[in-house]
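Straight from TrEMBL, the features:
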- 21-344: domain 'Major facilitator superfamily (MFS) profile' (DOMAIN)
- 60-80: transmembrane segment (TRANSMEM)
- 87-104: transmembrane segment (TRANSMEM)
- 110-128: transmembrane segment (TRANSMEM)
- 149-169: transmembrane segment (TRANSMEM)
- 175-195: transmembrane segment (TRANSMEM)
- 222-240: transmembrane segment (TRANSMEM)
- 268-288: transmembrane segment (TRANSMEM)
- 300-324: transmembrane segment (TRANSMEM)
Amino acid sequence: MNATAAAAAAPRGDWFGQPRGLTVLFLTNMWEQFSYYGMRALLVYYMTKELLFSQQQSSFIYGLYTACAYFTPIIGGVIADRYLGKKRAVIAGASIMAVGHFMMAFEPLFYAALATIAIGNGLFLPSLPSQVGDLYQRDDPRRGWAFNVYYVGINIGGFLAPLVCGTLGEVYGWHYGFGAAGIGMVAGLLIYLAGQRYLPPEQPRAVTEEVKRSRVGFNRDTILLLVGIALAVTVFRGAYEQVGNTVALWADSGIDRAVGAFTIPMTWFQSLNPLFVMLMTPPLLAYWGRRATVDAHHLLVRRMAVGAGIVSAAYLLIAGVAAANGGHTANWTWLALFFVIFTF
């Protein structure tokens, strides 16, 4: 059974013109992102305020954990492809991550919990989004739109997580926040298990190998372009993940978060990026769509270059604000402006 046949074999039952399986994958992804960003919103604060680690040690552990979270999907994808299959990899990965999140509620298990979450993430992350394409035949015009819908779940989960997990962690105790992240992961797992009948069957391994052998190789220029893009993306993701590290620490110690009698919880600022992504994406897609040319590859590289420049400007802004204020705290609007520029 090839990809086209697998899509055709999927249960019909469309919902709003899309396969019901898309809703299953969307909600599973949303809750997984809720758990990931909920834990990330608390991690450096938990280390500096509860475990009493120094900022340097906390940043090192955060960076090491994040690097593992990005590296393990490479190995997990191979395991899913060769041994487990996509569905079993998602179920195993989600289960392992849920256990890891609940382990975070117990201080002696801190390091083991981080390792467990990273391992589960390695199985889960490459296996879920690839199932979106399996819902459609290759020439289905709904296919591209489906991926846009799927990735909206990332931002919904990322927006809600700091508000829910962050508030629970700051107000009631860090372990309640980690527990909420674990509950989110369990919710995603249960939705995925309940929605199995709406997902197409997986291709047999023999067919998968035949498809791989039939693919045409890349030329040298394409490989060099991909290597360059990979390096640029690596640098960008390093800057992006500072939102949960150095930017989060600055929100705690370098920002005046008072709005009248109310003090903005420090974790809430991490909801601004996904919020602004949801608000800005439609007009930005329309803008770049009008500028699209026949040479789509150059347009993609140009967009990445513009985005990297804007992210650099955002960090230069807060560096300048921190330097200008010396040992004093800056108004919270500067941090909000950082996220506006960072998202743009």
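Every residue gets a Cβ built from N, Cα and C, even glycine.
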Exercise for the section: For the transmembrane segment (110-128), could you work out the same-chain residues 6 or more beyond its ends whose Cβ comes under 8 Å from its Cβ atoms? Expected result: 25, 28-29, 32, 36, 39, 51, 61, 65, 68-69, 71-77, 79-80, 84, 86-87, 89-90, 92-101, 103-104
Fill in the blank from the handout: For the transmembrane segment (268-288), the distant same-chain contacts (Cβ-Cβ under 8 Å, at least six residues beyond its ends) come to 37, 40-41, 152, 154-163, 166-167, 243-244, 247-248, 251, 299, 303, 332, 335-336, 339-340, 342-344
Exercise for the section: Take the transmembrane segment (175-195) and find every residue of the same chain, 6 or more past its ends, with a Cβ under 8 Å from one of its Cβ atoms. Expected result: 20-21, 23-25, 27-32, 34-36, 38-39, 41-42, 46, 90-91, 94-95, 97-98, 101-102, 104-106, 157, 161, 164-169
